[in-house]
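Student: Sharing a structure, written as structure tokens. Questions coming.
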Amino acid sequence: MSEDGNTSTFNISYTNFFLVGFPGLSEWRPFLVLPLTFLYVTIISANALVIHTVAAQRSLHQPMYVLIALLLAVNICAATAVMPKMLEGFVHYANPISLHGCLAQMFFIDFTLLLDYNLLLAMALDRYVAICHPLRYSDLMTSHLLGVLAFFTLTRSLGVAVPLVVLTSRARFCRTAVIRHFTCEYIALLSIACGDLTFNNHLGLAMRLATVSFDLALLGTSYTRIIYAAFRISSGGARAKALHTCGSHLLVILTIYLSGLSTSIVFRVAKTVSQDVQNLLSAIYLLLPGTLNPVIYGVRTREIRQHIEKMLCGKEIAREVREKPERLQNTRVKGKLPG
């Protein structure tokens, strides 16, 4: 036995683990599968509906709506990286997963979260140009610039997610094969690793702080200037529309960053918080954006909402038109029958 109390001297490193999320809810696990499945289906359906609306309507083929559709597509990927394994964990108390599967899940979780942050930056740039330089909007926000922004988003997300995964893959997991979490998050994996993890902890914290601090500084600067420019618009209707659009983006930003901040604080500061509470905060952090974003953009964005209503109501009207002759025919037939 080594001085730090683990079995690292025996060169033991687990390559297969068991995810045990929400250990205090063992009796309620079977009853939670159905509502969580419904939540997953709702996330997929709601995000896919808005994405389909943007893709199907040529009038929505504009940078702002394209970026919204990309953000919602990332929401679907993020939920898919988490929910299937989480649901499996509610069926089986000890949910098996290999080290490679764990690292793959960790990569997709971190990658999709970083894509969210970077897409919010791109959307802030789009709104900044649209409100602060409206006459040059069509000249500046071109398809070429969207391509550059997409490349920047992917590169920056990979540049943070890949080093974390590579560094974690080199750690040795000798404490236990049980991960007390429903998913393979970076902090959850480090909690069962052995040896000197100072560099891993400092790197993860530094990358998160650098990313979040830089993004929040840019977002704060952009939206401060956007709101200032919006209040200077002489037309009341145009001013209200600009502020309404920015309000939707700010709601999404607050949802993502506040949930992430609360999770980080609890994990790193509140040592007395139960494992179930920590896992619940992680679930909110990972799934809340995918749940709220399609509602925020589908309801608050007038152009998207109108097309969704037209599409859904159009189908309802068409169905009524098809069913009306049948109802009339049935009424005539019933009228000829003896009462």
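Just so you know, glycine gets a Cβ as well, placed from its N, Cα and C.
Annotations in TrEMBL come from automatic prediction, not curation.
Straight out of TrEMBL:
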DOMAIN    46-297  domain 'G-protein coupled receptors family 1 profile'
TRANSMEM  31-52  transmembrane segment
TRANSMEM  64-83  transmembrane segment
TRANSMEM  103-125  transmembrane segment
TRANSMEM  145-166  transmembrane segment
TRANSMEM  205-228  transmembrane segment
TRANSMEM  249-270  transmembrane segment
TRANSMEM  282-299  transmembrane segment
Student: Taking the transmembrane segment (64-83) as the reference, which of 31-52, 103-125, 205-228, 282-299 gives the largest number of Cβ pairs under 8 angstroms?
Tutor: 103-125
Student: Residues sitting near the transmembrane segment (282-299): Cβ under 8 Å, six or more positions beyond its termini, same chain?
Tutor: 39, 42-43, 46-47, 49-50, 68, 71-72, 75-76, 78-79, 82-83, 86, 109, 113, 116, 181-183, 185, 248, 251-252, 255-256, 259-260, 262-263, 305, 308
Student: Taking the domain 'G-protein coupled receptors family 1 profile' (46-297) alone, what is its mean pLDDT?
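Tutor: The average pLDDT of the model in the domain 'G-protein coupled receptors family 1 profile' (46-297) works out to 86.
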Student: Cβ under 8 Å, sequence separation of at least 6 from the ends of the transmembrane segment (31-52): give me the contacting residues as numbers and ranges.
Tutor: 25, 68-69, 72-73, 75-76, 79-80, 83-84, 86-87, 90-91, 287, 290-291, 293-295, 297-298, 304, 308
